[in-house]
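Comments concern the structure below.
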Amino acid sequence: MSDKKRKLLKQSSLLDFMCGTNQSKSKRRKTDMNESQKEKVRKAAENRITCTIENSSKINAKMSDNEKYDNGATSSSSPDKGYDKLCYTVDDEDDFIPSVKPSKENKNFMGVPIADLVSAPDCYKNPLKPIKPDETHTVLFDSSFKYSNGKSLPAPYPKHYQDSWNSNHVHMPCSKHNEYPVQNEKGTTELRKRWELIEETYKDRIIAGPFELEDAILSYNQRYQKKWNFQTLRKYFTEHVSKKEKDDFFEHLLPKIIKLALQLPHLCTKPIPLLKKHQNQSITMSQQQIACLLANAFLCTFPRRNSQHKGSEYADYPSINFIGVFQTGSLERKFQKLKCIFHYFERVTSKMPGGIVTFTRQFIQNTPDWENCCDKLPNQIHVSSSGTIEDDGFGLLQVDFANKYIGGGVLGSGCVQEEIRFLICPEMLISRLFTESLDNKECLVMKGCERFSNYDGYADSFTWDGNHKDVTPRDSNGRLCTDVVAIDALIIRSPNDQFKDYMLKRELNKAYVGFEIFSGQHIPPSQRPAVCTGNWGCGAFRGDKQLKALIQLMAAGMAKRDVCYFTFGDVKLTEAIYNIHNFLKVERNMDIGVLIDVIGQYYRNVLLSWSRKKKVGLFQYIMESFEGINHSESEDEEADVEPEGVLKDDELVEHDIHDSSRENSIDAADPMEVDSSFEEINAKDGSSFEEIDSKENGDPEKDKTTSTSTDKRKHNSEEEKKHEKTTKSDEG
């Protein structure tokens, strides 16, 4: 083991001790630190995470001019090649997670103008069919409803509440089967209807501040009295906002939220099905019904959703009750989250929107045969370093860089792309109520979610930036023409792993399922809105930007959609994506299957090499391969191939950046979040890694193939040496 790795592991162990992550959960709960100590631990955690990405900047600082050219940087001695601007590797990507939102001052783009891409609703030639319930589509309101510009609200259907307490439907707070043990006046325990307790709690109770609200919530969640803390909620009202804002909330807004929540048996009368794995199923509900359900989530009334321990009933579902936002951890982030949530309730309780929203779980069993695919990349692309999906993707199929548990860390400390989208469009939060974790060939499509807030910043700099008026037109059914597809990328532990065949195909299948339309009828490309995406699976998930861009281009080409790609301020990547698309589509018109084969060659010839020479990037390798430049190792180097799964001495290990599969941000390993007793956020630590490990360990044939190909290359090299000696002796 090298000194560098030994030092890193020593620092890792020290930080684990400081944060209590090497202790049992029960011991961590007993840890009591003051705010200054917590801040020190947080900074230590941030320093540790920063340590894992500093290697790239150190390498760049030591690079010679020739090496910089090999890596894509400009050099006075660089040959005049068309690929010199797009050749940079993973090591150049020292922007682990962006800290700011891209500026809109720079309107430069490459490719076609965004207005030239296929977009909704203009691309829909035929009128939409009215929404009707069937075996795979549940409609929670009267299907005879016709949208009339919000003048009337959809009527719940059926008129009277129907109860369904089983494993296929959401356990509703107002169900008669929702019972809770309480102590009576005699001191004995008896079972009571929990909804009655909730109604009694808020009937004539005066809630003047955060402490009274805390007592009210705990009155029907008594088992969590010693586990839940409401530090963020307390400090928000006692330290962060003015007395006037506090009084306005508790005197005006909170009573409206409570009133809306208590309408549940009258607004959500039909049982809500769970969108389970490997099923194509949809749920359509009114915006009023969503608001009512979210009001109950705010008051933490949903039963059996406060624990995700392995084996629990909802272990494979994300959390829905808002206790995660109320608890300790990442105060500034959560303050801004509360502002987004409170603004949403302010809007809907002042004037209830009259539209509808559809959530569709999409699953495909038979995915394309990628190696033999003859389809091409998309015809048109728009690439820009400025702008964002939510601000500029009007009428396009907008991609949510999702966690397998939909919403990721939105109710915890996470605050990156998916979490931000759910905060400015809070109606998306209700998908967490009924959506089981996404499998490899599944996605979730959300149609018609309204945007209520503007924002600025990103991650730690995220701030609520006031009201947003959503002017997106609605379709004939009353849904906003905003389609958002949630697709979850793999968490990358070792940078080279993502180029392995099974991981590459997994990401291709995931993107394809999100981009394709499974309606049972042929839809021409002219009626398929373009995909609006960006650096999916990069940042916190550590994906290679070049590889992820090609994966999405291939999946979009297979789904017959154009692509709008926002690089989130990365000007160099903008040029690189445009140039590689122009090379592969315009100059070569390359089949997707051929491109996949070239990516496999890049993995074998470049990434598995032990060579100390600076490695070329994927885009550079592709272009140079067709220019006749050979990147195979020399005789001495080829005999020294790095075995799969072996880490080099100078490669930093990042096993514990994502110790929670429920949050797709750096804060998944936030020690302050671990220190809290919130069981939902702490559940399933590292499940994504186990999934990857099981695939690696369970696929010996791939390892055998790799080792066999390596032996063949060694054998061929020895044969060439013998042939050269024989030739020289003959010439002599």
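Yeah, the Cβs are placed from backbone N, Cα and C, and that goes for glycine too.
The following features are taken from TrEMBL:
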{"type": "ACT_SITE", "residues": "ASP400", "note": "active site"}
{"type": "ACT_SITE", "residues": "GLU418", "note": "active site"}
{"type": "ACT_SITE", "residues": "GLU419", "note": "active site"}
{"type": "BINDING", "residues": "ASN403, GLN417, TYR458", "note": "substrate binding site"}
{"type": "COMPBIAS", "residues": "31-46", "note": "compositional bias 'Basic and acidic residues'"}
{"type": "COMPBIAS", "residues": "692-705", "note": "compositional bias 'Basic and acidic residues'"}
{"type": "COMPBIAS", "residues": "716-732", "note": "compositional bias 'Basic and acidic residues'"}
{"type": "DOMAIN", "residues": "242-361", "note": "domain 'PARG helical'"}
{"type": "DOMAIN", "residues": "368-574", "note": "domain 'PARG catalytic Macro'"}
{"type": "REGION", "residues": "19-47", "note": "region 'Disordered'"}
{"type": "REGION", "residues": "657-732", "note": "region 'Disordered'"}
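Cα of ASP400 (active site) to Cα of GLU418 (active site): a distance of 6 Å. With a 10 A radius on its CB, ASP400 (active site) counts 28 other CB atoms from all the protein chains. Counting every protein chain shown, the number of other Cβ atoms lying within 10 Å of the Cβ of ASN403 (substrate binding site) is 31.
Taking the domain 'PARG catalytic Macro' (368-574) as a whole, pLDDT averages 95 in the prediction. ASN403 (substrate binding site) sits 10 Å from GLU419 (active site), taking the C-alpha atoms as the reference points. GLU419 (active site) sits 10 Å from TYR458 (substrate binding site), counting Cα to Cα. Mapped onto DSSP classes, the domain 'PARG helical' (242-361) shows 59 helix, 14 strand, 47 coil.
Of the recorded residues, TYR458 (substrate binding site) and GLU418 (active site) place their C-alpha atoms 11 Å from one another. Spanning the listed substrate site, residues ASN403, GLN417, TYR458 have a farthest Cα to Cα distance of 17 Å.
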